[in-house]
Amino acid sequence: MSSKNFSWRYSLAATVLLLSPFDLLASLGMDMYLPAVPFMPNALGTTASTIQLTLTTYLVMIGAGQLLFGPLSDRLGRRPVLLGGGLAYVVASMGLALTSSAEVFLGLRILQACGASACLVSTFATVRDIYAGREESNVIYGILGSMLAMVPAVGPLLGALVDMWLGWRAIFAFLGLGMIAASAAAWRFWPETRVQRVAGLQWSQLLLPVKCLNFWLYTLCYAAGMGSFFVFFSIAPGLMMGRQGVSQLGFSLLFATVAIAMVFTARFMGRVIPKWGSPSVLRMGMGCLIAGAVLLAITEIWALQSVLGFIAPMWLVGIGVATAVSVAPNGALRGFDHVAGTVTAVYFCLGGVLLGSIGTLIISLLPRNTAWPVVVYCLTLATVVLGLSCVSRVKGSRGQGEHDVVALQSAESTSNPNR
């Protein structure tokens, strides 16, 4: 172990055990209470649109918070940002379990998302600090990624069981207690891993990726994929439990099948992307989104009200989601190695804002108890991405390939930001 990492003396297994609860709890904050969503408007005396906003704000703040907590963890250290984020998450979760005010509930969801974002940033920054340039980094990222991929499958099922036994408020108490345990372990065993103070964020760096067509292509690819899943889990409780009469437990199990399709696809993509190339895989993912949307539209037009008529096309959409999310990060970061941290934050922030705002707008304009929001979102975003892919392909057709040329152009522009 190198001297710069002398403070971290844990095995790989112990490291995963210490880090993973923060990532899991941050993700469970989005998925675990989905089975209770149809009943929450009555409990809080509000509208379904307000409850939808609690989903949107959490997702958007998770991404936007990285612009704040990433540089903050570089300046103050990983440990204080992690523990501060854990404290915010605990306070918000316990408040969510107690409040009966829709306005307070929404504010606490924003606080909970900020805490989750701080924990995510600190966790992945710690992995970079400890294992930078070492083979273990790929192992631990793979383990954490696999755990996070399973949350959409396990989270709603766990939430349904807690709701059935103790009520929906206990879901947030469960999250708060889990974060208390994780933070207590971190307070005792998690040393500071940042050994060198990093200069503050140069805000001009935030503009570097937005000038690059390749960055926008893959950021929109991410927004198309994750946004499709966001719209799905936003409308699925009302559609399946309300319109189709599925029980909470049945909903959670059916929801899990889509998440499982995504997990298996993501694992398969690790072999497909190097063989076929990012541009081809991107187009394949968008094609799956469009095909799934067309099948959903057919079931709606022909009034096929069966559960299978909704969930089977969603398996295809789920494959498209996993494909898009697998290919997007590396594609967006190509050409920005020297400012990868900043560009990563911009990527997740813009992606979260785009999918949250566009998805929420579509949900608000279309009937929530139908598949039309998923259909319109998938068709719109996937078509935009495919169109932008064609533009990028034309621009990069002079020899080296579409994205290599664009990446070189972006690298040249970033080397002289004052140009």
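Quick reminder: no glycine exception, Cβ is built from N, Cα and C everywhere.
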Looking only at what Swiss-Prot records, is Gly238 on the same membrane side as Met32?
yes
Can you tell me which of 81-101, 170-187, 215-235 gets the most C-beta pairs within less than 8 Å of the transmembrane segment (307-327)?
215-235
Between the transmembrane segment (142-162) and the transmembrane segment (280-299), are there at least three Cβ pairs closer than 8 Å, leaving out pairs fewer than 6 positions apart?
no
Cβ pairs under 8 Å only, please: of the recorded stretches 10-30, 170-187, 215-235, 371-391, which one is richest in them relative to the transmembrane segment (81-101)?
170-187
Run through the topological domain 'Extracellular' (68-80) and tell me, per DSSP, how many residues are helix, strand and coil.
12 helix, 0 strand, 1 coil
Where, among 47-67, 110-127, 280-299, 343-363, 371-391, do we find the most CB pairs under 8 A to the transmembrane segment (215-235)?
343-363
Looking at 10-30, 110-127, 246-266, 280-299, 343-363, which one has the highest count of Cβ pairs under 8 angstroms to the transmembrane segment (47-67)?
343-363
Mean pLDDT for the topological domain 'Extracellular' (128-141), as a whole number?
70
